[in-house]
Amino acid sequence: MKLTCVPIVAMLFLMACQLITADYSREKHGYSAEKSSDKIQDSFYSKLTKRCTDEGGDCDPGNHNCCRGSCLVLQHKAVCGILYTMVSR
């Protein structure tokens, strides 16, 4: 009887230790995974967010970086703006 109880108790003890350490490591990994996913998401959105230049600011004609309107080249300087045309009746 004693001979069969010792292995059973030992196995129950080892299983309990495994369950405790598995829960502990899952909590640790879950926290670091959340943290790293936030970093990845932030870098993803920063790549998607296109920085634009407000109206009247310097711009690059080849880059199309104006928030509104187009990049207009006026007197050797490129600025963001909206080109208005006059229509005569």
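Glycine residues also receive a Cβ, built from the backbone N, Cα and C atoms like all the rest.
When Swiss-Prot is consulted, the disulfide partner of Cys52, picked from Cys67, Cys71, turns out to be Cys67. Among Cys17, Cys59, the one Swiss-Prot lists as the disulfide partner of Cys71 is Cys59.
Between the alpha carbons (Cα) of Cys66 (disulfide bond) and Cys52 (disulfide bond) lies a span of roughly 5 Å.
Between the alpha carbons (Cα) of Cys71 (disulfide bond) and Cys80 (disulfide bond) lies a span of roughly 5 Å. Rounded to a whole value, the Cα-Cα separation of Cys59 (disulfide bond) and Cys80 (disulfide bond) is 6 Å. Cβ crowding, taken as the number of other Cβ atoms within 10 Å, peaks at Cys59 among the disulfide-bonded residues Cys59, Cys67, Cys71, Cys80.
For Cys52 (disulfide bond), the same-chain residues 6+ apart in sequence whose C-beta sits under 8 angstroms from its C-beta are Asn65, Cys66, Cys67.
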